[in-house]
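The domain 'Glutamine amidotransferase type-2' annotation in TrEMBL covers B:2-221. Look at TrEMBL and you will find B:C2 tagged as active site, nucleophile. Sequence annotations record features per position, and here TrEMBL assigns [4Fe-4S] cluster binding site to B:C236, B:C382, B:C433, B:C436. The Mg(2+) binding site annotation in TrEMBL covers B:S283, B:D345, B:D346.
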Protein chains: 4
Amino acid sequence: MCGVIGIYSQSDVSKKLFYGLNSLQHRGQEASGICVFDGKNMVLDKGMGLVYDNFDDESFIKLKGNIGIGHVRYATAGGSYEYNSQPLLAFSKNREFALAHNGNLVNHKSIRKELEDEGMLFQTAIDTEVILSLVAKYYTGDIIEAVKKTMSRIKGAYSVVMLFEDKLVAFRDPYGYRPLLIGRAKNGEVIIASENAPLEIIGTDAIRDVEPSEIIVVDKKGIHSEFFEKEKRQHCIFEYVYFARTDATLDGVNSYNFRRRCGEILSKEAPVDADLVIAVPDSGTPGAMGYAQESGIPFAEGLVKNRYMGRTFIKPTPEERELSVKLKLNPLETVLRDKRIILVDDSIVRGTTSKNLIMRMKKAGAKEVHMRIVSPPVKYPCFYGIDTPSRKKLIAANYSVEEMRRRIGADSLAFISMKGMLDATLMKEDVFCKACFNGDYAVEPKELVEYEK
Amino acid sequence: MCGVIGIYSQSDVSKKLFYGLNSLQHRGQEASGICVFDGKNMVLDKGMGLVYDNFDDESFIKLKGNIGIGHVRYATAGGSYEYNSQPLLAFSKNREFALAHNGNLVNHKSIRKELEDEGMLFQTAIDTEVILSLVAKYYTGDIIEAVKKTMSRIKGAYSVVMLFEDKLVAFRDPYGYRPLLIGRAKNGEVIIASENAPLEIIGTDAIRDVEPSEIIVVDKKGIHSEFFEKEKRQHCIFEYVYFARTDATLDGVNSYNFRRRCGEILSKEAPVDADLVIAVPDSGTPGAMGYAQESGIPFAEGLVKNRYMGRTFIKPTPEERELSVKLKLNPLETVLRDKRIILVDDSIVRGTTSKNLIMRMKKAGAKEVHMRIVSPPVKYPCFYGIDTPSRKKLIAANYSVEEMRRRIGADSLAFISMKGMLDATLMKEDVFCKACFNGDYAVEPKELVEYEK
Amino acid sequence: MCGVIGIYSQSDVSKKLFYGLNSLQHRGQEASGICVFDGKNMVLDKGMGLVYDNFDDESFIKLKGNIGIGHVRYATAGGSYEYNSQPLLAFSKNREFALAHNGNLVNHKSIRKELEDEGMLFQTAIDTEVILSLVAKYYTGDIIEAVKKTMSRIKGAYSVVMLFEDKLVAFRDPYGYRPLLIGRAKNGEVIIASENAPLEIIGTDAIRDVEPSEIIVVDKKGIHSEFFEKEKRQHCIFEYVYFARTDATLDGVNSYNFRRRCGEILSKEAPVDADLVIAVPDSGTPGAMGYAQESGIPFAEGLVKNRYMGRTFIKPTPEERELSVKLKLNPLETVLRDKRIILVDDSIVRGTTSKNLIMRMKKAGAKEVHMRIVSPPVKYPCFYGIDTPSRKKLIAANYSVEEMRRRIGADSLAFISMKGMLDATLMKEDVFCKACFNGDYAVEPKELVEYEK
Amino acid sequence: MCGVIGIYSQSDVSKKLFYGLNSLQHRGQEASGICVFDGKNMVLDKGMGLVYDNFDDESFIKLKGNIGIGHVRYATAGGSYEYNSQPLLAFSKNREFALAHNGNLVNHKSIRKELEDEGMLFQTAIDTEVILSLVAKYYTGDIIEAVKKTMSRIKGAYSVVMLFEDKLVAFRDPYGYRPLLIGRAKNGEVIIASENAPLEIIGTDAIRDVEPSEIIVVDKKGIHSEFFEKEKRQHCIFEYVYFARTDATLDGVNSYNFRRRCGEILSKEAPVDADLVIAVPDSGTPGAMGYAQESGIPFAEGLVKNRYMGRTFIKPTPEERELSVKLKLNPLETVLRDKRIILVDDSIVRGTTSKNLIMRMKKAGAKEVHMRIVSPPVKYPCFYGIDTPSRKKLIAANYSVEEMRRRIGADSLAFISMKGMLDATLMKEDVFCKACFNGDYAVEPKELVEYEK
């Protein structure tokens, strides 16, 4: 996962990009970067680490420009190297192209191979460079044409922001896997970003989703929009389950309300007699509240999350790793002692965190721990940008619910049904990608599946 | 406010101090430091900034030692200079003294003047240096005697950890204003800290409060405890209201349960007809839940807190300041739209944040905002270590509740009663300092009050 | 200008690369980088700044590998951006290629255009990326073939070190413009570098020049050498005049002896009656000594060079720039006062430094300043890697010697003759590129000349 | 050894302090710091490392002030901790005192003990803090009185610059051990510094030495000068031998001319038949030139000094240490081969460097190496600020000249005579401290000598 932002303005945008990226920081903490166009050249500053560690007063002396893009990167497959950080900046045909991407292409390996066979080389391990290469390759004077040709080649999930000459360009894949929104402020400033938070914080009024397959060009002539071929929508439902901020409203679904309704529905589908509903903070909280509200069982905070994270050292000892885990969540003994607990979490992936948590809650005095998950079992890997592990490591792909219950040490375990989850979206149509739950991959991830074997 | 930690072990303590300080980071984000005794000398590493920004792999190559102390500093009066960071390390009488302090002395100015008149000089602007100076001055071979003589001179709030030779020393003022706990692990390791979180995370079993006026020396002979003269307990009630972690149990009161009960009691004292109970996260959340639970009005999350904070630049523009404020809390329009809201916060100090928040909630569609505060009005400055502003800036010191309501733009405003708050502690006796609410200063802050004029 | 190094060993090479790069630091201070092969992957660490600022203990925790290359970069045309620092690392055909380069291609613009027209994109502004792109493009299983095909395309000056799989590869252009040496230590370790200093410091016995057009592959089978087509040698004579270290012996010419002999010859060609011979340190010193020795006029140190350089600030004021210039060289009044001075420098490029210096020497009391230059007038730009300015800015390209004398404020001015300089090499044949003096470009720099217009 | 600077101006001084400190960097590379008075408060920025590593654009946003002092620190006895860096800043009697010091007190231990017995504590391990403590202790409203009382207590070498309120204060010990100069620019700016280089670079006209025992106060009323009791002058002759810059003129002696004359005199005192005179750069160079000039034996550069130093790693291996030594000086084989060499150095302290150097020169082909030292044998430790080792480690304190010759592997070894060195100063009177050569300590270093035993 990643987060992107782009701003087109009449005044300096670098600090706005900075604050906007801060509000997208939950989408990626590994690396961050900003690229602005100073009227003549692109200025790029990026590196490993959090947004507010990477930029200081000195950065902004250099990052002067009225158009810019930014990116936060989640540690994924490409590997944790600085050269995998974005935005990418490239020179081709006497021009500069800067680009940042959220999503994942299912056919980037074959395109890459094809391009490499043509002699092209790559300086990163990320699929973003494939998009950049294609745009540059296909560019012959019309940037929209180059983007269209690129879109005809790449398959999968992509929400892209791009700087090209004095233009801010954005485009989204035909299925709309990853979110992308656009807003305009009263002073004419245009902001495009992965979620609505940066738009609201920086201040825009007219916020709308960039449509699947839409191509947007913002320049001095205004906002221009075109479409590539549309497909049946496949908005990633896991964005609402876990990834997006609570205040996100993406493609018509509000994340907070969705999570809360999932909790309400699950309390009907899988009731249990208990004393308290406890959430795994922060993403489990709305679901837990919905569950509590609907069931009438009181909600309480029984796990304290540390607001500040510990740094990762180069070679941590196992003891240090353990300390780091305990630092993250601390069970509240005074709340848990002798209580029957319903523990609500957004999802179970590997199961190791749940197991560790339940063990520590029981050590802190919890009499029973009934686990309730406000999404169905994750049985399939995501090939569209969520960093799920391979099937071998997905606990739900390998065990029955009862076996899972035993492994994590819960007294009972239940997941919301697929229908329940879809109902919680309040959408009339099913416009969602649920591949991680049911294995229905609208865009065939053939080469990636093979790679996994 | 600040946080302190000390560890006595048979193995290297620096990483444990690091993780422990991380869990105390909420008590101070301005500066942080660690000092260890390597068997021969003290090794000190400190600086401005968060714990995890200040220390890296290279730090821990140098910070080798089996005894150590650490400190996190909150930006207070002394000014935001590196020389005000702690622990302080001093040389005297052919010995090294290292010390870290949480609290505030009410007579440090006069002692400082007296010492300066004797020709002593100070290299920081903080009262901690007065404690260190006195301990060194009074040391003639017996560290406990030196501490006792020091305690006979200093007045106010102090929870101190100290490294001296191969000893870890700790002492707490006779009133017990600021918290301090001690725990022992199975392997004999002893940890002393401002809250129980670091003790639980690093792992100790027998956790107890360091008693008011207690002096503790940990060395190879074990844990030695003595007492200076006791006074009537004056535990700072504001620790439970706001400052301490939710999982803190300090001097017999659990912070989470206290906050929740305050909300329950307030819902009886100041009911209002509304649609939703909303908390100002994170410290208002338990109170809001208590209010909701008891009133039957549903709790919802209507304000999204940004998990990552923006960096402060050297000379922010007003626009950047505004961005930074908005980044912190974002009103959730889908929750607030057309609703009558009960907004629960832990306290009101200046009133500016509340005003800004209510304005933005109404802009996001809230029909009514009824503010409920789970502590009484803060009318008096704290002289014991909480960084409250002068009376001129305390809104409750200058305006009636009705005037305050008007100024912050709320539809109604109510505070919990003093009796209600005390009841929420579940303590049979009133052992609390409530000076910020009622002006009863058990330790006369005469010279500080004059200073304020 | 730049400096390169490569090491093939049985043990970790990163610290050796570090010290080796330190000894090449005079060849480039703008950026520095190291890339090692850890047996599986390349690990790259590079950035703006001096070698010893860029690498610390933490760097070497990551940079583990028995084969590696390094680079120091001089600020040249490509612009002062981090993305222009080397080594470059690229992925192609399922392989990793890392490469560092000293020199300059005269046809990189046309190759780049050709590759861009094929759709290739570039992520730096440097010609090194063209070499890397071609090697990757032409690689089909045999790295030597790929290098040969690359050499058949690129024209100009290049001394290259490369990491490919478990091999250290090096190659030098057919004219041998830029130096490159190889040595082998007793333990079998092989070192390749731009000068002999790193080889001597790290410790090798059998040092020889890599021959023009030679391609070297070092791997577990040993050192393999092949040749591409040879051309008439064109060793850059300016390396001996100014660029190389005093202790460099490159392609049979020792830098120190050459400089000294030039001074001796110039004292015959252009004698003058004076009191003292003064050098512009450090590169003018051997020439001044030769001049003094042969003329019998005493040599003295009359200009003190600051051993530590001032940092460059982002936006220096003119006053700061002036301070920085004065900091570099300080005239020694007690030496210069009332003396007739022969000032010896290695070359005159723009003439501004000489002018400023003579002015300050006269202010410090020098009665006469006779400037003697131990190289002929620089009248033509270098297209092979020395960062000379365009003809418009070369003072000797625009003015007669007498006019130059007047402009710099010298009492007399003389340059060594071309024949004199060649004699100083002691070589039987003229195997040198003297294009900056006489405009004879053995490799036609057509496209670069056009670019300059 | 250390270097100090102070500037009093009508405009911002921080960048001037920065460039001035740069020109004093040879006097100390361990730590550096700047303190300015912003009209209300002192602003201090200091840390380990070179001047140009410690300060960047962000530093100068904070360091705003028209008066300021700076310091560079040489790694000496106190130990390599950040808390030993200067300037020191202290608070006393409601005032701020900032102070930086070059020199060494012989009675700081007893004063420190006395002050510690009074209860005073110290936060550094350096004698500078004793000076600061006394000034603060004795201050009762008149800073000059406080300085005089301080000077009546402290014994030894001190050249001090101080910031107090809106004043720049400087004072020098009655013997004038360490240099200190003052100059005034046309615009009224006053600069005080350890050497003349910063005064010349920043630009002052009337440069004079601060006299031994002189106390200077610069404020808006101008430059005020007073004297404490004078003593017989004892200017450290080792400043001219080694420590000061070549362009230094301190207390009437010019460093370059002195060094050169020492070489001339030594060539008469200890002639030898040889082919070349070689200097150990940089401090041996003028002496070698004088020797060559007078003897008629040609001077040549046979040792190449690396202009850039390698970083020190936390735990260097022996191999890395060796690399670092070789990096510093590289013998020039083409110069040395088959030659009989006269090697001139400024002094011999431990003898290890000379031994290593001669060994490597012989390995590079030198037939004979005759060592000539342009100062007498260093037989006694310095207690006035030069960091000489204890007698046990001083080779000349333990061995005869012939034994020394054998140990370092030279073919002959000779030192200049004491008379010769004194003649080289051209001073009519002997106003020099030569204690390191003859053990005549004008200020009795009793307590330090005892400490050494």
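Numbering starts at 1 and runs along the chain as it is shown here.
Every residue gets a Cβ built from N, Cα and C, even glycine.
On a predicted model such as this, the values are computed, not experimentally measured, just so you know.
Structure coloured by features recorded in TrEMBL.
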| residue | record | contacts (Cβ under 8 Å, 6+ apart) |
| --- | --- | --- |
| B:C2 | active site, nucleophile | B:R27, B:G28, B:H71, B:V72, B:R73, B:Y74, B:Q86, B:A100, B:H101, B:N102, B:G103, B:S194, B:G385 |
| B:C236 | [4Fe-4S] cluster binding site | B:A157, B:Y177, B:R178, B:P179, B:F243, B:C382, B:Y384, B:G385, B:I386, B:F432, B:C433 |
| B:S283 | Mg(2+) binding site | B:V241, B:Y242, B:R259, B:D345, B:D346 |
| B:C436 | [4Fe-4S] cluster binding site | B:F238, B:V378, B:K379, B:Y380, B:P381, B:C382, B:I386, B:T388 |
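Of the listed binding-site residues, namely B:C382, B:C433, the sparsest CB environment within 10 A is found at B:C382. Summary of the [4Fe-4S] cluster site environment: with the site residues B:C236, B:C382, B:C433, B:C436 set aside, the chain residues having Cβ atoms within 8 Å of the Cβ mean position are B:Y177, B:I237, B:F238, B:Y384, B:G385, B:I386, B:K434, B:A435.
Neighbours of the Mg(2+) site: apart from B:S283, B:D345, B:D346, residues of the same chain with C-beta atoms within 8 angstroms of the site's C-beta centroid are B:V241, B:Y242, B:A279, B:V280, B:G284, B:G287, B:V344, B:S347, B:I373, B:V374, B:S375. In three-state terms derived from DSSP, B:C382 ([4Fe-4S] cluster binding site) belongs to neither a helical nor a strand segment and is classed as coil. Across the domain 'Glutamine amidotransferase type-2' (B:2-221), the prediction's mean pLDDT works out to 93.
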